[in-house]
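See structure below.
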């Protein structure tokens, strides 16, 4: 989830302080955390040191996670989460290497799994609040393949060609493809300078509107399924684009929907903050500390503040 990490940070011990705070922290004995002959350390001292913003964020996170777990625990499949973890382990070359990589980020395997579960709860929440139809998914996505001839940004670049040479080569390839479109994949594997997609016959999978270069997108979404474009120039170089038939649409539909939801939230963070506010109301959330309430309302649940902060990565702590 792209927008989630801005609000959902790892819960620290500071969240536990709130249980002792009550309406406001004082220097009374019952609010003393540590005592000594040199003096006591109180809840108020610690809150002042840590900062109310961090405490508010941590406490809000803890509360939100409890609510999400209560509401969506029956909708999140642990088997799918385990499959995600197994996939990551393979990418890292085995379980031991994966867990070592987690440790370098201050995570345990259990914490990583917990983060994946929380991210899944958020997906369920946003799916409840933001409705996207099949027709909208089809309108905003297109399955594509391409052949790319890169243009050097400077003469010293090792990859790519000069603009004139790149354009000429792309035009030659386009003519070759036009003669026999069924050989597109074979030609892409041989000629494309996008090595990642070239290995897969030029396949890019599903491209969403707003996800890539504007000129590439414009050309792609004009094509009918199975059609091949003329040479298209983008910020990456020159492309020959093919609109692939979406034969696997049904199996990819849920993933595409989640990506479109992410896009909507990034463009309009109010969708996320409104979803949180609805949860607080549904679960009768009552802030016992005025300062915490103020930070949550003015910063965490303020869509403008969230927008200024920008979209961040998901909660798992590692790329998937």
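Note that Cβ sites are derived from N, Cα and C of the backbone, with glycine treated the same way.
Residues or ranges marked as domain 'PpiC' by Swiss-Prot on the basis of sequence analysis: 139-245. Per Swiss-Prot, the feature N-palmitoyl cysteine maps to 21. Residues annotated as S-diacylglycerol cysteine in Swiss-Prot: 21. The feature signal peptide is assigned by Swiss-Prot to 1-20.
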Exercise for the section: Mind tallying the domain 'PpiC' (139-245) by DSSP state, helix then strand then coil? Expected result: 43 helix, 31 strand, 33 coil
Completion exercise
Confidence over the domain 'PpiC' (139-245), expressed as mean pLDDT on the 0 to 100 scale, is 96
